Amino acid sequence: MSNPKSHKSHHHYQPSTTTGNSEYEAGEGDPEVWANFNNSFKQVQSVLDRNRHLIQQVNENHQSRMHDNMVKNVSLIQELNGNINKVASIYSDLNSNFTDACQQRNRRDK
């Protein structure tokens, strides 16, 4: 039986080229927008990978029941909390960038 904790599932975002818009169906589009999406998703994945490691450390420290390890968990959990805020911020920026790109495209297409 495989260990579910050791299984790493990485979902890589790949934009669909089927949008009903002939420009995008041809595989074109704004390369800068796609590069920004890709960069944002890579940042998120990096933070989530770090969080996975932090959670493993917190669990190990907790299971040890050693005072020093429990004290270390305070800073580890604070880092986790900060990382969650980072992910929320990246997604918020991604949403704003996507909205801006759509509005610019709509203005350009009129």
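Every residue, even glycine, has its Cβ placed from backbone N, Cα and C.
Nobody curates TrEMBL annotations by hand; they come from automatic prediction.
Keep in mind the model is a prediction, meaning the values are calculated, not measured.
Feature annotations, reproduced from TrEMBL:
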- 1-13: compositional bias 'Basic residues' (COMPBIAS)
- 29-109: domain 'Protein EARLY FLOWERING 4' (DOMAIN)
- 1-32: region 'Disordered' (REGION)
For the domain 'Protein EARLY FLOWERING 4' (29-109), mean pLDDT (0 to 100): 93
Residues of the domain 'Protein EARLY FLOWERING 4' (29-109) by DSSP state, where helix covers H, G and I: 77 helix, 0 strand, 4 coil
